[in-house]
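TrEMBL has this to say about the protein:
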{"type": "TRANSMEM", "residues": "46-68", "note": "transmembrane segment"}
{"type": "DOMAIN", "residues": "46-306", "note": "domain 'G-protein coupled receptors family 2 profile 2'"}
{"type": "TRANSMEM", "residues": "89-108", "note": "transmembrane segment"}
{"type": "TRANSMEM", "residues": "128-146", "note": "transmembrane segment"}
{"type": "TRANSMEM", "residues": "167-191", "note": "transmembrane segment"}
{"type": "TRANSMEM", "residues": "211-237", "note": "transmembrane segment"}
{"type": "TRANSMEM", "residues": "257-274", "note": "transmembrane segment"}
{"type": "TRANSMEM", "residues": "280-305", "note": "transmembrane segment"}
{"type": "REGION", "residues": "344-385", "note": "region 'Disordered'"}
{"type": "COMPBIAS", "residues": "365-385", "note": "compositional bias 'Polar residues'"}
């Protein structure tokens with residue numbers, strides 16, 4: 001029941017709808033408003049899949065970074081690129097998981113009203129999280145481009161050069177260039193969103209012509225990676241015709257990771273280039289799986305299936321003593337046969353004596369030894385006639 005009073009001047013006052021508020025709070029899961037909607041199985045599944053895959057990706061990537069760093073014998077420029085790629089994806093999925101949690105829990109909205117209102121005092125935190133989500137997404141794509149370019153350079157005339165590009169150039173392309181791109185998008189989007197009424201936290205941020213600042217950069221990187229992949233395949237086919245089988249297997253292991261990761265990178269970025277106005281359940285669930293499982297593929301293909309990492313790990317484990325797992329010496333109580341040439345008084349009792357048999361052979365051995373000692377005396381001590 002809702003009630004309100006009309007005074008003598010014809011003005012409504014003393015509106016009372018507390019009973020409705022109580023009902024709405026008790027059954028909020030079935031009412032639109034108060035930052036809640038009716039139960040949505042698809043939405044809950046997408047959130048659960050995104051969070052689960054993000055957490056698994058972060059765990060596997062952190063383990064990969066540790067393995068990349070602990071072995072000094074395999075450190076090289078290619079491994080340093082792997083570590084930066086894994087680091088970019090770790091921050092990407094960690095920040096993306098934080099963004100998913102704050103969005104699903106309505107952390108930046110006032111839910112005390114039926115129609116939720118944004119908390120403007122926390123808008124800068126919301127924008128900061130969103131900015132890092134976009135930045136690490138662009139950075140991860142740029143490091144994938146560096147992976148493809150570096151791998152292609154190993155198969156071309158650049159591999160014959162004695163000097164490589166300075167490491168600062170790699171860092172500028174992998175971390176600095178994404179910062180410039182995302183900052184440019186931030187300035188334009190802030191200007192566009194300020195002209196919209198009630199625009200909070202740059203939402204919606206995946207709209208407008210200026211979105212091509214981001215999608216154009218990542219799309220160009222993906223197309224270049226695809227070109228690198230095709231050119232590497234051409235070089236591989238040429239080498240397979242001339243090299244022996246062992247060398248061919250080595251070349252194939254070297255480029256196997258890029259063969260699998262570059263198409264995966266392109267497929268997972270499709271939602272950034274085109275997002276339907278009313279996405280279907282297949283689109284939403286497939287996009288969540290492809291976007292959040294990249295870290296798992298990178299950790300498995302670039303680290304756990306890397307022959308160099310496996311070899312270094314085996315060498316390290318071979319140095320660790322596993323005394324606890326070794327079999328202990330067994331103490332036998334069975335009687336053992338003693339050779340008949342042994343001296344029974346020094347080396348033990350013969351089997352025949354333990355069994356109660358005669359000591360004929362042992363007496364013959366003693367008499368023979370006495371004869372030998374007499375012979376030694378005859379030949380070693382001079383006689384006086």
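Cβ from N, Cα, C; glycine included.
By the Cβ criterion (under 8 Å, sequence separation of 6 or more), the transmembrane segment (46-68) is in contact with the transmembrane segment (280-305), since 3+ such pairs are found. Here the transmembrane segment (280-305) does not lie next to the transmembrane segment (167-191) in space: the count of CB pairs under 8 Å, restricted to residues six or more apart, is fewer than 3.
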